[in-house]
Amino acid sequence: MRERKWEHVLACIWEDVESEESPLFDCVKIVHRALPELDFDDVDMEIELFGKRLSFPLIIAGMTGGHPKTGEINRKLARVARELEIGIGVGSQRAGVKDPEVRWTFEVVREEYPDGLVLANIGLPQLRENGPDLALEVVDMVDADALAVHVNVLQEAVQLEGEADAAGFVDVLAEVCETVDVPVVLKETGAGVSAEDAKLVRDIVDGIDVGGAGGTNWAVVEAVRSKAHGEIPLGYAFSDWGVPTAASILEVRSVVGNDLAIIGTGGVRTGMDVAKVLALGADCAGMALPVLRKVLAEGVRGCVRFLKSIAREVKIAMLMAGCSSVEEMSSVPIVVYGKLREWLECRGVPLDLVCTGDRRTGWNR
């Protein structure tokens with residue numbers, strides 16, 4: 001398992017592992033306000049998420065851990081999060097549970113960021129196999145403020161060592177939510193969450209990380225690994241699979257209303273992407289691959305500089321939309337066109353409510 005974790009990191013660094021599908025942020029326009037009637041200094045990007053304050057609405061999404069070399073990566077990422085006062089998740093902690101010698105590669109995140117928002121991470125297959133006490137163990141491992149329970153059926157199905165049995169997941173998730181005393185987030189890992197899935201869990205979980213198509217595609221990551229091991233790379237057949245991130249945010253929000261926190265991850269690459277994630281109705285954005293590559297290429301300082309520029313872009317976009325708070329972004333007028341418009345029309349999502357209403361209220365409940 002250690003080597004698999006490192007192979008994942010190497011694939012993400014050196015290979016083209018991004019989805020052939022777009023997150024469809026390019027199909028969203030925030031309507032410009034020539035007269036925003038707002039001082040730039042009065043634009044407040046702070047939010048509270050799972051009981052912790054973030055200086056701006058971004059989480060460094062969980063990526064790695066479980067191999068000795070990944071511990072130093074997580075240490076650097078935690079230092080970035082601490083300096084910027086944003087959230088951070090860890091990669092799947094399955095390896096840390098099975099191998100005590102690599103627990104430190106996860107624990108280092110809380111050591112470096114004692115007061116910040118930290119999300120633990122474990123998969124539904126492991127919770128079904130080991131029971132809800134496993135959730136308690138991974139939360140305790142990083143002294144987490146919230147628990148991300150990831151579902152990655154596509155990745156498991158194409159993975160050499162995968163476990164593609166996805167039966168009974170909703171019941172497992174409900175049992176976990178009753179067991180732990182921190183908020184639980186259902187986390188997709190690159191294929192998105194549909195309205196149908198959101199309906200299954202909206203009365204169970206505290207949040208949904210849509211993990212939409214358009215960013216890192218873990219089926220492709222597994223295809224890279226399969227080729228390296230001389231196996232047929234099945235994952236390439238699913239390089240454009242999934243619900244695009246922009247569509248997933250709207251689908252999930254349509255059925256959960258304002259009852260759950262939504263984290264928009266999947267292909268978030270710029271501050272404008274973050275602004276569109278917020279405008280579509282998410283509470284917060286998540287970014288993984290660009291942060292990983294930046295911290296490895298330029299260290300903590302370079303990564304901090306990069307994310308500060310992201311934050312500046314978001315603040316400018318909020319000013320140009322006439323919004324003094326993140327919450328206001330969900331009700332700014334937007335224009336939706338192209339593939340996203342076609343998706344919404346095919347899925348019966350009312351475009352008038354999407355474009356002119358408060359997208360946090362829900363309309364398909």
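Any Cβ shown, glycine's included, is placed from N, Cα and C.
Just one of Asn121, Asn258 is listed by Swiss-Prot for the same FMN site as Gly62, Met63, Thr64, Ser92, Lys187, Thr216, Gly267, Val268, Arg269, Ala288, Leu289, and that one is Asn121. Of all Cβ atoms in the protein chains displayed, 29 besides its own lie within 10 Å of the Cβ of Val268 (FMN binding site). A simple Cβ count within 10 Å picks out one of the binding-site residues Thr64, Ser92, Gln93, Asn121, Thr216 as the most packed, and that one is Gln93. In this structure, Thr216 (FMN binding site) is part of a beta strand by DSSP. Nearest Cα neighbour of Gln93 (substrate binding site) among the listed binding-site residues (Thr64, Thr216, Val268, Ala288): Thr64.
Counting other Cβ atoms within 10 Å of each Cβ, the lowest count among the binding-site residues Gly62, Gln155, Glu156 belongs to Glu156. Here the Cα atom of Ala288 (FMN binding site) is found 19 Å from that of Arg94 (substrate binding site). Other C-beta atoms found within 10 angstroms of the C-beta of Arg94 (substrate binding site) number 20, with every protein chain shown included.
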